[in-house]
Structures are given as structure tokens and as C-alpha cells.
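Presented below is the structure to which this report refers.
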Amino acid sequence: MLSVLSYGRLVARAVIGGLSQTDSRDYSLVSASFGFGKDFRKGILKKGMCYGDDACFIARHRSADVLGVADGVGGWRDYGVDPSQFSGTLMRTCERLVKEGRFVPSNPVGILTTSYYELLQNKVPLLGSSTACIVVLDRQSHRLHTANLGDSGFLVVRGGEVVHRSDEQQHYFNTPFQLSIAPPEAEGSVLSDSPDAADSSSFDVQLGDIILTATDGLFDNMPDYMILQELKKLKNTNYESTQQTAKSIAEQAHVLAYDPNYMSPFAQFACDNGLNVRGGKPDDITVLLSIVAEYTD
């Protein structure tokens, strides 16, 4: 660690001359994704970046890097509705808005809100529900802006420790906050939250910080200490290493999800709510792994 006393001249010059060269550099995210559908088939299963009923996107704009995940609510399948259509369309709309520059980096809730209302105004009714988590890195300010609705989420790791994480939003056990579009005759009887209900946060990040964004299929099956163990294997900041680590994390969560004797975070949460449950939670799993790096064109 640099000593202020030892490097007083350097610090003084930086103050006198304005921002240092390090502070003036733009940041970016080196990001990779991996996931599993609940039906055991791994990889991208449907149009766009979808793993089962989960969906995600990674988008780059000159002002920011933006990524997101959404978990389609599977209960719609009982009514003949494909849950992946809602989550997939929501994420593709968010991605398009970013690429078109129709967003403000400091306002990820705005991305979610605009995308959701585009879906509401769709001429062809799109029924369904999903959770959503949006993460934005502002290149120049080096700040991360987040919006999380429901039980998907993110965590930021620095020096092997979790320094920031999203708060899970639940109405009650296993019923997360969610965006919904219901048929007119069912409006009022389908649980639906406003994008403005998303939990928002903003904070500075540093070069080398690791950002993991995922659906509940990961967090319900892997506690933080297991995730941190996998992240220790990440030695390089290139795409290949990031992709391999994302794959390793998703694969471990997938194995644990089908272990009947494993006391998963979901099982522990169920026990805390008076239910006698043990084992992993079979679910779609989506992992986006990102490393904060210096921006290059």
C-alpha cells in the first residue's frame, strides 16, 4: 500500500495539477455469461441470451457498460404462457435502449421503466412476469449504478471480500417483487410491482473489482463463501478467463441444485420460514461475471 508520507510529492503534484492520470482513465467491464436451463440443457437455449426462463444482456455504449438479468416467473406456464418470452423481451428492449443511447448511466431504474412501458404498449399482448437487475458502469465517473427488483441480484468483490451487494426483495417467502403484464380480466389479481420499487444504489469501483450479476438460481444454491472460492481461481482479467470462471460457478450451482442432501441457502431460508426443507433448488441459472478494467476502444 502506498504511504502518504513516502509519496507526499506525488500526491501534492496530483492535487496541484488536477486529477491524476489514473483518475482520468475511462473504465470498462470485461464481461462473460454462462447458464443452465432447469431442464438440464446448458447454453443459450432460445433467441437472444436466454437460459431456460432466465434472460440477460451485455451492452456497450460510449458512456457506459450496461448489463442485466431477468428471471421469468414459471407459474405462467400453467396458463399456457411461455415465461421466457417476457423476460427475454424485457432484456432485449433494455439492450436496444442502451445501444441507441436512450438512457442515463446514473439512472438504471429509467432503463427498466422505459423498457417495461414499451412492453405494456406492445400492439401484440405480451403476458408474463419477471424479476430484473440492471448494472451500469459509468466510464468517466468510475461509479456503478444499480437497480434490482426481486431476488436476482449482484455482488461486488474486492480483495477476496464482498464489498457491495444487492438487497433481495420479497413480498413473502418465495414470492419476489416482479414486473408483470396480465390480461385485462386478470388485472388486480396478478402480483405486479412498479419499476420504481427497485432497490437502487451507486458507489465507486476500482480497477480489478469483480462484479457478479445473477438470477436466484445461483444465490439460492451457492452461499457467498462458495462463490468467493471460485472467484479466487480468476487470475487474469481477459475474456477467456472470465468466461471460464463464469462457467465454473454456474456448473457448481447446477450440481448443488440437484443434491437432495445439501443444505442450500434456499433450504435454510425455507426453514427460517417454518418449512422443513432440505436440498438444492432446481432452477434456471444465469451468471454474468464482469471485471472492471481500463477502457480500450
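Cβ atoms are placed via backbone N, Cα and C, with glycine included.
Values in this document were obtained by computation on a predicted structure and should not be read as measured data.
Some features that Swiss-Prot has for this protein:
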BINDING   ASP71, GLY72  Mn(2+) 1 binding site
BINDING   ASP71, ASP216  Mn(2+) 2 binding site
DOMAIN    28-292  domain 'PPM-type phosphatase'
TRANSIT   1-27  transit peptide
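Recorded residues ASP71 (Mn(2+) 1 binding site) and ASP216 (Mn(2+) 2 binding site) have their alpha carbons 8 Å apart, per Cα-Cα distance. Working note on the binding-site residues ASP71, ASP216: by count of other C-beta atoms within 10 Å of each C-beta, ASP71 ranks first. Across the structure, ASP216 (Mn(2+) 2 binding site) and GLY72 (Mn(2+) 1 binding site) place their CA atoms 11 angstrom apart.
GLY72 (Mn(2+) 1 binding site) falls within a strand when secondary structure is assigned with DSSP. Long-range Cβ neighbours of GLY72 (Mn(2+) 1 binding site) (same chain, at least 6 residues apart, Cβ-Cβ under 8 Å): ASP53, ASP54, ALA55, PRO83, SER84, GLN85, PHE86, SER87, GLY88, GLY128, SER129, SER130.
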